[in-house]
Amino acid sequence: MGAPTLPPAWQPFLKDHRISTFKNWPFLEGCACTPERMAEAGFIHCPTENEPDLAQCFFCFKELEGWEPDDDPIEEHKKHSSGCAFLSVKKQFEELTLGEFLKLDRERAKNKIAKETNNKKKEFEETAKKVRRAIEQLAAMD
């Protein structure tokens, strides 16, 4: 019987899992932002057609793109999301106590809810603008 695996929601806490997301990452050897260093800084690679180097912190959900070979992932993370609790964790995942892990997971869940709420708010605001324009166009017809 093999070692138990973590539920998918917790796998990003593992550095090896984060490294595995960096397929087709443009910066490998001789660069500051290698997959290993990106993963150490908490990033996962989530490329899109228009943003092939898009990376997101699995913890605070901050997305960064436009990476340069000499960008330091930790410094970029601190610069763009200084309040990310992952940056202050001094232990490897495997060294955390259950209490420490659950506290981190609760913080991550709050971050995820905040990100999703913000996305829904933006989506609603965009829809509201379109509806307002349509109403104004209808009113102008009279």
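Using N, Cα and C of the backbone, Cβ positions are placed for all residues, glycine too.
Since we're looking at a predicted model, the values are computed, not measured.
Within the set T117, T127, Swiss-Prot records phosphothreonine at T117. Looking up K79, K103, K115, K120 in Swiss-Prot for N6-acetyllysine, the annotated residue turns out to be K115. Checking K15, K110, K130 against Swiss-Prot for the annotation N6-acetyllysine singles out K110. According to Swiss-Prot, of the residues T21, T48, T48 is the one noted as phosphothreonine. Candidates K23, K91 were compared with Swiss-Prot; the annotation N6-acetyllysine appears at K23. In Swiss-Prot, the feature N6-acetyllysine is assigned, of K78, K90, to K90; the remaining candidates carry no such note in the record. T117 (phosphothreonine) and H77 (Zn(2+) binding site) have their C-alpha atoms 22 Å apart, to the nearest angstrom. The CA atom of K129 (N6-acetyllysine) is located 29 Å away from the CA atom of C60 (Zn(2+) binding site).
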